[in-house]
Amino acid sequence: MDVDGRWRNLPSGPSLKHLTDPSYGIPPEQQKAALQDLTRAHVDSFNYAALEGLSHAVQAIPPFEFAFKDERISLTIVDAVISPPSVPKGTICKDLNVYPAECRGRKSTYRGRLTADISWAVNGVPKGIIKQFLGYVPIMVKSKLCNLYNLPPRVLIEHHEEAEEMGGYFIINGIEKVIRMLIVPRRNFPIAMVRPKWKSRGLGYTQFGVSMRCVREEHSAVNMNLHYVENGTVMLNFIYRKELFFLPLGFALKALVSFSDYQIFQELIKGKEEDSFFRNSVSQMLRIVIEEGCHSQKQVLNYLGECFRVKLSLPDWYPNVEAAEFLLNQCICIHLQSNTDKFYLLCLMTRKLFALARGECMDDNPDSLVNQEVLSPGQLFLMFLKEKMENWLVSIKIVLDKRAQKANVSINNENLMKIFSMGTELTRPFEYLLATGNLRSKTGLGFLQDSGLCVVADKLNFLRYLSHFRCVHRGAAFAKMRTTTVRRLLPESWGFLCPVHTPDGAPCGLLNHLTAVCEVVTKFVYTASIPALLCGLGVTPVDTAPCRPYSDCYPVLLDGVMVGWVDKDLAPEVADTLRRFKVLREKRIPPWMEVALIPMTGKPSLYPGLFLFTTPCRLVRPVQNLELGREELIGTMEQLFMNVAIFEDEVFGGISTHQELFPHSLLSVIANFIPFSDHNQSPRNMYQCQMGKQTMGFPLLTYQNRSDNKLYRLQTPQSPLVRPCMYDFYDMDNYPIGTNAIVAVISYTGYDMEDAMIVNKASWERGFAHGSVYKSEFIDLSEKFKQGEDNLVFGVKPGDPRVMQKLDDDGLPFIGAKLEYGDPYYSYLNLNTGEGFVVYYKSKENCVVDNIKVCSNDMGSGKFKCICITVRIPRNPTIGDKFASRHGQKGILSRLWPAEDMPFTESGMMPDILFNPHGFPSRMTIGMLIESMAGKSAALHGLCHDATPFIFSEENSALEYFGEMLKAAGYNFYGTERLYSGISGMELEADIFIGVVYYQRLRHMVSDKFQVRTTGARDKVTNQPLGGRNVQGGIRFGEMERDALLAHGTSFLLHDRLFNCSDRSVAHMCVECGSLLSPLLEKPPPSWSAMRNRKYNCTVCGRSDTIDTVSVPYVFRYFVAELAAMNIKVKLDVI
C-alpha cells in the first residue's frame, strides 16, 4: 500500500491539452494508476484470499475423522491450489488460456480449477496423499490468477478488453458480478453495548453487554458476547452452527488456564482493587464453578466436554477433555492461539463490562464508523471456500457409507480415488452465490444476511460502473428497521464516507460510498516483533506488575491481544513514538497501523486504553503529518483523538497535528465531479450523484466486443468546459457523459412549467444529445433440440421465398441491415429432414444489425449452433425524455421549438435549451449559475475553468472572477444579454441570463416506457387484460387514478375504463334466489336439435322464467365460485 506520492500528482487545474495530444489513438505504456486504485480493495483482497489466505484456510480445517468398519479413518486437506482459467488439454484452440472477453461473449463463467491434496490415515497411521479435483471456482478479473494480470494496455486491447480495464469483478454466465462491501463490526475489539432486548434472554439478564467479533487470519469469524446479570455475575455466549449457547464466565476462565482461583481473582480485579461489589461478583463467579464440583482445569474441561460434545459432532472416541479443547478453539476468542492470551482478553472484557454497568464508561456506538470495518470480497470468498471444503469432506463419508451398504468396500488408495470423485463439487455453490447473491450456508459465516451479497456491475455509464467498487452497504437486515439511527451521518465518518453520495430513497444512509482518498487495508502483517518494541518503549508485559497502580495505567491491546500495561503519563509519548515509526517506516511498523489512545477523562467516557490495529478490512485515509512533513494513513478510531485542520489558516501551533491533503477530500469520486458543489444545496448534490449514474454516456470503447443485454451510447459527447480537477485526474474525457449546451434562463413559452425545458429543434436536427441503444440476443439451437436429436444448424433453404434478399446464405441478417417488425431475423435448417425454419423480428422498434458473433462449445468442436446478434436502435431525443444538469436540476423535454421562433442574441446566437427561471429559487443551485458564467467565459477565451469545490470564498468571489472575464470579452459582467423575440423580432424588456452549461441525457426515455393497448392478451382465469409492456398488456389503473375520476364526477368514464374495457361479461342469474351459480343450461331431449329451444333453469328454484341476464365483471363470477367452494353463498338483489 503505497502512501507517499499517490495524491501529489493531482492536477492543479483542468486543461484542454488532450485535444491536441499527438499520441491520440496510441495505447499508453501503462494504465492510469488512479483508475486502477478504485478497484484495489477488491482485487487485493481476492489476491490474498486465493493465494496466502487459501493456505491458512487449509491449515485451519480440522481433520475429518469417522469410524468405518471398526477402523478410525482420518481425512485431512494438506494443500489446495487454484489454477488460472484455461481449457482442458486436447481442446481445439490456439491458446489454452481463457480470457474474460471470451466468457462474456459465450455467456460462460470465468473460472479456474481447484485442486487439493488429501491426506488419509487409518487408526492414526498415514497411508498417503491423493491429489483431487474439487471443482471450479470463479476468478476475479485482473487478479493474480487472471490471465490479464499485469498486461499493458496494448496487449489488453489485443484480448478485446478496455485499455483501462480495472477488474475487481467476476464473470458468471457472461454477466459481470461484484461482491458488495458490507459494514461489519470491527474485528478483535471489545464493544460495550446497551440493548434492552437482551433482557429477554433469560432470568436476571440486563441490557448491558460487551461484544467482540473474533476473526482469524483466514477470516473465519465468531461473534462472542459477555452479558451482565443482575446478581453481579457474567454469562458468556457464542454461536456455533447457527445455535446460541450460554456459559458462565467462570467455567471459561478456569478451562483456559491452570491458574488457581486466587490468581484468577487477582487478574480480574486489576484496576478495581477497592471496588467491594466487583470483588464480591468475581468471588461469586468462581463459587459457581466450585459448586459444580470443578476444582481444577482438567475437571472443568471434562465438565464442558460432557455438556457440549452432543452439539459438536465429534467422533465417539474423543474424550471429554479434547471435546472441550475443540470448543475453546472454535468458539471462544478464535483469533488467539494461546489459551493464556484468551484468558487475559476475557478478563479485560469483564472489567469493561462492569465499568459499563456501573456507569463508569459510556457504551460504544455500534452504528459509528469507529467500531466498524468492511467485509471485503476476498474475505467472503475465502470464508465460503473454506466451508465448502469442509462440507466436501463430510460428503465423502456419506458416499462411503452408501457404497458400503451396496457392496463390500475396502479402504485403499484406488477405492478412495473413486469415492473422492463422487464428492460434492464446489462449482455450483460458488456460481449460485455469485449469480444470485444468496448465501447457502449451514453456519451463516457470521453474517446477519443471506441475500443481496452480489450485484451486477452494469455499465450504464462509467460513473455507475466505478461506483459499484466504492460503495459500502450497512446490511439488508437494517433496511427493515423502523429506527433511523443506523442511517444517520455521524461526525466520525468525516473523510471516510461521502456525506452526499447516498440514495435519496429507501436505502438512504444504508448504501454509502467511500471518499476518493479512503482506502481499505487488504494486507496481513505479522506483529511478532511489536510486543518487544512496546516493552522497550515502557509498556509493562501483561504477566508483570507495573510500577504504578493498575488504576493509573492503560491496558495495551494489539489486534485483540492483551500486550500489557502502560503508565497513563507515559502513554502519549508511546503513542507519538509509534506514530513516528509508522510514518518514517521504521522498526517494521506497517504504514496502515492504527494508534488510538483513548485517555482517562475523569468522567464517564469511552473505556480508556492504548489500542493498536494492523488487521485488514479497516478504513484508512491519508492526511499530512505536520510535525514530520509526510503523508500518514489514519484510521477511524484514532481520528477521534486528533486535531486535523482543513485549511492553512486553521493550523494552530501545539494543537493541530495534521492537515487534510485538500479541502474536497471528504467527497467521493462521483461527488468530486460536481462543479462548484460547495455553492449548491446539499440535496441537489445528492440528486446529481444519483443522476450522474443514470446518464446516457460513453461507458466503454469496445462496443464491438461486448454482448451485454443492453448498452447505451451517446453519439455526440463533449468534454465539459467547466470541470473539477478530479475530472482530469481520472481521465474522464475517455468516458464522457454529456454535452455543452447554450442555456438561456427565460420563461418563453407555456411548455416549460414544472421543470420542463424547451430544446431548439435546429440543435436537435444537428444531433444534440443523440444516442443509441445496443441490444444483444443469444440464439442457441441446442435449446431447440428434441430428445436425442442434434440436427439443427443455421442456414437458408435454397429458394425459400420468405428470406429472399433479407438473410445471407448462413441464415443470418446482413451487417448493417435495417430490421422492422415482421422482417426475417434468422433461419435454421434441420439436416435430417431438410426443413427450413424462419424466425421473424418481433420488436416494434426499428433497428440496425450492428454485429454478429459466432460461439462454440468448451471443447472448440461445436457446430454452427450458437450466435449472438447485436442490434443498434437509434434514439433521438423525443418529447418526454429526461435531461439534467450536473447540479441535480432535472427536467423533461417538453417541446422541440422551431429555430425561427427561438429568441436570439444581438450576435444572432440562439440557445439550445430554454430553462425556466422558477427552477432556481427553491433549489438554490447557485453552482449552476456560476457554471453558466464560467462556461460562457471559457468558450469566449478558449479556456477550461477549474470548478473544484472550495477554491472560491467570500474573499475570493466566483462572481467577481468570472464576471471580470466576461467583461474582458465584451459581455455583461453578470452574464446577462439582451435577447430578441423569435416571433415578433422585438427586443425583450428583461436582460436574460445566458451561458454554457454541461447537460446530461438520462436513460429514462419515453420509447422504453410508453404503453398503448386497444385489444390484446387476457388472463385465462380472470379474463382481465394482462399487465406488462412486453406482452402489450393493459395500462395500470390504481387507486389514485380512480379517486381522480371520482373527484371530477366522471363516474361513467370510470365505468367504461374499469368495466367495459376490462372484463365485462354477460351472466345468467336467477332473480328469485339471487344466485349466479344456480342457472344451468338444460339438457335437451335426444330428438331435439342441440342448438334450438334450449333454455336456462335454476337448479334451486326449478324455474326458467326467473332467469335474466346481467352484465358483471368476469372476475366477480370467479370470486363467487371461489366463495362457493368455501361454503359461502353470495346472493344478489336485482332492482
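Heads up, the Cβ atoms here are built off N, Cα and C, so glycines get one too.
Within the same chain, residues 33, 37, 517, 519, 521-523, 591-592, 622, 630-633, 661-662, 719, 723-729, 733, 942-946, 948 sit at least 6 positions outside the region 'Disordered' (1-26) and bring their C-beta atoms closer than 8 Å to a C-beta of that stretch. What Swiss-Prot records for 1-26 is region 'Disordered'.
Across the region 'Loop B' (194-208), DSSP helix (H, G, I), strand (E, B) and coil residues number 6 helix, 5 strand, 4 coil. Marked as region 'Loop B' by Swiss-Prot: 194-208.
The region 'Loop A' annotation in Swiss-Prot covers 236-247. Mapped onto DSSP classes, the region 'Loop A' (236-247) shows 0 helix, 10 strand, 2 coil.
Here the region 'Fork loop 2' (474-489) has Cβ contacts under 8 Å with residues 182-183, 367, 448-449, 451-452, 497, 499, 506-512 of the same chain, all six or more residues outside its ends. What Swiss-Prot lists as region 'Fork loop 2' is 474-489.
The feature site 'Active site gating' is assigned by Swiss-Prot to Tyr687, with similarity to another entry given as support. Neighbour list (Tyr687 (site 'Active site gating'), Cβ cut-off 8 Å, at least 6 residues apart, same chain): Asp504, Gly888, Lys890.
DSSP assigns Cys1098 (Zn(2+) binding site) to a strand. Taken from Swiss-Prot, the feature Zn(2+) binding site covers Cys1070, Cys1073, Cys1098, Cys1101.
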Hey, which bits of the same chain come close to the region 'Loop A' (236-247), Cβ under 8 Å, at least six residues off its ends?
201-202, 222-227, 304, 308, 311-312, 330-332, 346, 442-444, 446
Helix, strand or coil at Tyr687 (site 'Active site gating'), per DSSP?
helix
Sequence gap of 6 or more, Cβ distance under 8 Å: name the residues on the same chain that satisfy this around Cys1070 (Zn(2+) binding site), in order along the sequence.
Ser1078, Pro1079, Cys1098, Val1100, Cys1101, Arg1103, Thr1106, Ile1107
By a simple count, how many Cβ atoms lie within 10 Å of the Cβ of Cys1073 (Zn(2+) binding site), its own Cβ left out?
17
Cβ-based neighbourhood (8 Å from the centroid) of the Zn(2+) site, residues Cys1070, Cys1073, Cys1098, Cys1101 excluded:
Val1071, Glu1072, Gly1074, Ser1075, Ser1078, Pro1079, Thr1099, Val1100, Gly1102, Arg1103, Thr1106, Ile1107
Counting by DSSP, what is the helix, strand and coil composition of the region 'Fork loop 2' (474-489)?
7 helix, 0 strand, 9 coil
Counting other Cβ atoms within 10 Å of each residue's Cβ, which of the binding-site residues Cys1098, Cys1101 comes out lowest?
Cys1101
